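One structure below.
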Amino acid sequence: MSDPKSVFLFGYSGHAYVIIESLLDAGFHIAGYFDLKETEFNPYNLPYLGFEKSVDVKSIVKDSLVFPAVGENNIRAKLIHFFEVLNLKQFVLIDPSANVSNTALISVSTYIGKKVSINAQSKIGKGSIINTNSVIEHECKIGDYVHIAPGSVLCGNVTVGNSSFIGANTVIKQNTSICSKVTIGAGSVVVKNINFEGVYFGNPVIRKEGNGSKE
Ligand SMILES: CC(=O)SCCNC(=O)CCNC(=O)[C@H](O)C(C)(C)COP(=O)(O)OP(=O)(O)OC[C@H]1O[C@@H](n2cnc3c(N)ncnc32)[C@H](O)[C@@H]1OP(=O)(O)O
């Protein structure tokens, strides 16, 4: 039987450092990391276990926990698909400093960062990141493989579709919906629904030229 607090990480760069410190603060220990290649900089002295596509991950990990430590949404989505195919043991990582409502529903491989607030009746899909100091107010619905960057505020009943990225310090007005595969620039304010994928920024947001949308 494996140590129930032992975690294998996938990815070891800047976002992984944040994940590692939340894991340590929450009483986990890290068994090692998988990545394309061994990193030159290894600030947490983690053993390198190989590239996940080139080694027998299942026989290394066995029934220990796994976690995706990659900030980029598409790569994280592929990792979670890989976890599902191998039937690896996923979990939700909530930094101990976060404040999460008992009525919030959060799916596996999602990270809730330092000082985040998740309020009543919110739902967050799998493989998402709710980064440092963000506020997810009541009844928000956040999809899979989403990244809400630090300091963002989603007012009540906001919806964010799968694989969208909400830049740091963005404010999204209550009852607003953002579809899948949208990128919102840092410091933006969203006051109307966004129904087409693409890049948007500003206050209020406008679509970045050259995105091929009619919006
Ligand atoms: C822990 C972490 O670090 S999590 C990551 C947090 N990071 C972020 O939140 C950053 C989010 N990314 C951004 O804001 C980016 O600027 C993007 C995605 C909106 C646009 O990036 P790019 O497509 O590379 O655009 P680019 O940098 O070429 O800028 C294009 C124009 O838009 C302007 N612009 C870019 N971003 C913004 C923004 N957030 N708000 C207002 N204007 C912006 C630029 O000044 C530039 O204007 P110009 O054409 O007059 O010179």
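If you go along the chain as it appears here, the first residue is 1 and each next one adds 1.
Each Cβ is built from the backbone N, Cα and C atoms, and glycine gets one as well.
Cross-referencing Gly32, Gly50, Gly71 against the substrate binding annotation in TrEMBL, which names Ser13, Gly14, His15, picks out Gly71. On a Cα basis, Glu139 (site 'Increases basicity of active site His') lies 27 Å away from His15 (substrate binding site). Within 10 Å of its Cβ, the residue among the binding-site residues Gly14, Gly71 with the fewest other Cβ atoms is Gly14. Here the Cβ of Glu139 (site 'Increases basicity of active site His') has 18 other Cβ atoms within 10 Å, regardless of which shown protein chain they belong to. According to DSSP, His147 (acetyl-CoA binding site) sits within a strand segment.
Secondary structure at Ser13 (substrate binding site), taken from DSSP and collapsed to helix, strand or coil, is coil. Secondary structure at Gly71 (substrate binding site), as computed by DSSP, is coil.
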